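Chemist: Pasting the feature list from Swiss-Prot:
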DOMAIN    88-161  domain 'J'
DOMAIN    449-511  domain 'SANT 1'
DOMAIN    549-604  domain 'SANT 2'
MOD_RES   Met1  N-acetylmethionine
MOD_RES   Ser47  phosphoserine
MOD_RES   Ser49  phosphoserine
MOD_RES   Ser60  phosphoserine
MOD_RES   Ser63  phosphoserine
MOD_RES   Ser183  phosphoserine
REGION    160-250  region 'ZRF1-UBD'
REGION    287-312  region 'Disordered'
REGION    426-453  region 'Disordered'
Amino acid sequence: MLLLPSAAEGQGTAITHALTSASAVCQVEPVGRWFEAFVKRRNRNASTSFQELEDKKELSEESEDEELQLEEFPMLKTLDPKDWKNQDHYAVLGLGHVRYKATQRQIKAAHKTMVLKHHPDKRKAAGEPIKEGDNDYFTCITKAYEMLSDPVKRRAFNSVDPTFDNSVPSKSEAKENFFQVFSPVFERNSRWSNKKNVPKLGDMNSSFEDVDAFYSFWYNFDSWREFSYLDEEEKEKAECRDERKWIEKQNRATRAQRKKEEMNRIRTLVDNAYSCDPRIKKFKEEGKAKKEAEKRAKAEARRKEQEAKEKQRQAELEAVRLAKEKEEEEVRQQALLAKKEKEIQKKAIKKERQKLRNSCKNWNHFSDNEADRVKMMEEVEKLCDRLELASLQCLNEILASSTREVGKAALEKQIEEVNELMRKEKEEADARMRQASKNAEKSTGGSGSGSKNWSEDDLQLLIKAVNLFPAGTNSRWEVIANYMNIHSSSGVKRTAKDVIGKAKSLQKLDPHQKDDINKKAFDKFKKEHGVAPQADSAAPSERFEGPCIDSIPWTTEEQKLLEQALKTYPVNTPERWEKIAEAVPGRTKKDCMRRYKELVEMVKAKKAAQEQVLNASRARK
C-alpha cells in the first residue's frame, strides 16, 4: 500500500470510506505533484527536508523575480545593431544594476518584459516607424539575450565586463588606510576565483594563520577569467579549414597574452598589499623577537651547560688533585717509614760497629805487638765498612760469649773472607779495565802513542771536559783536547782524534766498568786528602760512586731559577745569597754559592780552551 504525506496548508484531504462490497484487483498508475516530488528525491538521493529547501529556494527566486525592477536603458533606441558586440548586454535588458549576479530566471523575465515593450509588431501597431530586417534596435535586445542565456557566452562577456574596475592601488595610497583601500579591491576580484569560500582580508586583529592563508590563496590564485569575447576574428567567418585554424591560432595567442597580463595584475595587487600590510610587519617583529628570545635561551642553555661542564671539570681536577695528594702523602709516608727504618738500621749497625771496636779493644786487638795491633785495627775498620748488620751481630755474639782464642779465630776467619772477597772484586775490575783498554785500542785502530796509557786521572779529566764542553761548542773536540793538555798531570799530549776515540770507548763500557773507574778515582781522592772512613757514614750495602760535591744534582728548572735569581739580586744586594737561596726551593745558601763557583770555573775553562784553539789556528795560518 502506498503511503502519501499529509496535505499542505490550504489543501484538503479526502477520506474515502471502505465499501462493504468485495475487493477487486485493479491497476493504478501514480500521478500528481506528490509522486513527482517522490521521484525527484529518489533520483537525487535526497531526503524530504532537502526537497523542501529546494522548493523554498525556487519560491524565493520567484519572489525576487517579482520584486526585481528593471532599469530603462536611455540609449537603447540609438544602438547600432551591427555593433552589438560592443554594447552592454545587461544594460540593454535593464539588468545594469544587477549584472553578473542576475539569475537565469531574472534574465529570462527581463527579456520577456523587453520583448513585450519593444517588439517591432507592437511598435508598428502603435504607429512608430520600424526599420526593416536586422537594422532595427530590437536586434540588440535579441543579441543581448542570446549572449546572457548561454552560460559559456555569458562567462566570456562577464570576463570583460566594461563596468569592472581593473585598477590596482599603489603602495602610497594604502600607507594610512590599508584595510579601507584594499578590502573592496580583493572583494571585487574574488568573483574570478574558481574556488568558493574566498578568504577575506580581515583586520588588524586577524591571526597569523588567517593572514597566511589569505596571502597563500591569492599568491596561488586560480582564475576562471578568459578573454575569448575580445577575439578580433570569428572563426565562423572563415572560408576554409586552413583559414579557420589560422584564426583559432591567432585567437589563442591573444587570449594567452591577455591571461598573462591578468595574472600579472593579480600578482601586483597581492605584492602591493603584502608590502603595505601592517600585520606582516607586526608578525615579522614578533618573529624576530621570538628568534631573539630563542637565541638568548639557547645562549643561556649553552652557558649553563658550559658552567656545568666547567664545574664537572673542576670537580674532576679536584678529585685528581686529592688523589695525587693522597698518593704523594702515601709515598711520603713510605719514604718517611723507609727513612726511619734506615735510621734504625744505621743506628743498629753503628752500635754493632762500636761494639765490635770495643770488643777488640777489650781483648787488646788480640796482639801484644804494637805493629800487629795497628794492622788489626785497620782490619777491624775494614770489617766495619764491609760487613752487614747480620754478620756484625753474629761476630759480636761470638766475641762476647767466647774466650780470647775462639774470638780471635772467628775474627781472623771473617777478615780472611772479606779480604778474599775484595781480592776477587779487584781481579774482576782489573780484567774489565784490560778488556776496555783492548776495545779502545781496537776502536781507535792503534793510531799513535797518544791513544795509549790513559791513567785514571786522565779518564776523570776527560769525563769532566766532556761534561764541561757539551755538544754544540765550536771545535768541541779540539777544545777538550787542549783543556786536557793544560790540566793533565801525565804530560801526554792528546789530539782531538785521541779524545774522540777514548770518549767512544768509554761510552761502550758496561755499568760495572764505570763503577770500577769511579771507585778507583774515589780511592785516590781519599789517599790524597786523607779522608778517614767513618763508622756511621754509609749504609751496610752502599758502594762508592765517586766524588760528588752535591748529594742531589741540579735540575734544569733549578738552574733556570738560580740564573734568574742572580739577575734579580745583583752583587750590592744585602744578604744576597740568602735571598737567592729562597728563590731556589730545595737549595741552601751553600749549595747556591758552590754551584755559582762551579759555573764560573766552567765559563773560565771554556774561554781559556777556546782562546787556545783560536791562537793555535792563527799560528798555523
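Using N, Cα and C of the backbone, Cβ positions are placed for all residues, glycine too.
I'd like these features described in context: how deep, what's nearby, how far apart.
Modeler: Per DSSP, the secondary structure of the domain 'J' (88-161) breaks down as 52 helix, 0 strand, 22 coil.
Mean pLDDT, taken over the domain 'SANT 2' (549-604), works out to 84 on the 0 to 100 scale.
Shown in sequence order, Lys200, Leu201 are the residues of the chain, 6+ apart in sequence, with a C-beta less than 8 angstroms from the C-beta of Ser183 (phosphoserine).
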Chemist: The region 'Disordered' (287-312): which same-chain residues, six or more beyond its ends, come within Cβ distance under 8 Å?
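Modeler: Contacts with the region 'Disordered' (287-312): none.
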Chemist: Would you mind splitting the domain 'SANT 1' (449-511) into helix, strand and coil residue counts from DSSP?
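Modeler: Its residues fall into 41 helix, 0 strand, 22 coil.
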